[in-house]
């Protein structure tokens, strides 16, 4: 077991430390480092989930007495503001995604205090090369909850922020106090017209009906009427040389429905009213919960159209069905079929441990090729009521995530896995058509 002062151990632990074992229990600890293959004997998914899915999104481990702010700060499209950069944040933030932080350095604490007095906005850079700190794109983040406290005489700032707008990096300068200032260009969202707008007479627009999708299908009349509307939606395609299915490939409503079918496989109790109805917000919501690496995520962040972003996300969800260890690249950890949602924001969200490391954690029912390190601990658990145990790759021993086990017998699920996105590599399984996964091109 790594020492408490080991920075690598600090990144993987959720609590301040793992319980130290007496000398006579060292053999027992060795027994706990077993491959978790016994999960295959259990059913894939429990029938009932009685865990309060609002708890992970509230980030109660940061404290319940945080000062909350209201209002939003939005910059004009194509404007070029200068925004301070938080150097500790190393993740590709998606607009609408929540970012929890714990900051300890005096430089960062002072910076956040100044932000609170101004517009509460800072820049999160999407590093294409983390080692060389290279970034061409990023996202603005706005602080909406804030708390200061002292831990053993050290000032600590706890923050909850949310991603707002995409930007392109124009220039980065470092001030005399060490704070980086980024001059950025706010990227606009390109809103495309309806696929049928080119062949429809504008003079008849006042006669057309633009209905909203029924929330419930219990009413048979609403269901039948909606089916008729869907059939007639692309009726004008008969006036063109292209079939109607081609137009549906670029229709926002159709793309959103196809993605929702995929999301229901992750969450059988998914309520459509909990998802954004706007295609732009919906596309960002999906991007934030996709277990993809930074390369693919930056590609999604660069896309300026919700239609194109939705098409790419649907392509990724259909093709990248296997998740492997990023270090080994061939050791399969889990598959898309094992993903499920234990949070209101979806199957994946960002969490921060007491040492300030941010982990985007994906919840899955089953995982393979993993060893457990240490014993379960409830310290600083991101899922209240569950104890966590560090999980490493069986082949290369790199950190993959944690196994969560319920502390009470009446909780469901009794156990699940939380896998950190940075340790996963989405892959395309081999097909019978002898097409190499390397040759399969995603819709990017």
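Cβ coordinates come from backbone N, Cα and C, glycine included.
Residues 1-52 are the range that Swiss-Prot records as region 'Disordered', among 1-52, 53-104. There are 24 other Cβ atoms within 10 Å of the Cβ belonging to residue 382 ((S)-thalidomide binding site). Cβ crowding, taken as the number of other Cβ atoms within 10 Å, peaks at 325 among the binding-site residues 325, 328, 393, 396. The subset of binding-site residues (380, 382, 388) lying with their Cα within 10 Å of the Cα of residue 396 (Zn(2+) binding site) is empty, i.e. none. Among the binding-site residues 325, 328, 393, the residue whose Cα lies closest in space to that of residue 380 ((S)-thalidomide binding site) is 393. Taking the Cα atom of each, residue 328 (Zn(2+) binding site) and residue 388 ((S)-thalidomide binding site) are about 24 angstrom apart.
The residues of the domain 'CULT' (320-428), classed with DSSP into helix (H, G, I), strand (E, B) and coil, number 6 helix, 55 strand, 48 coil.
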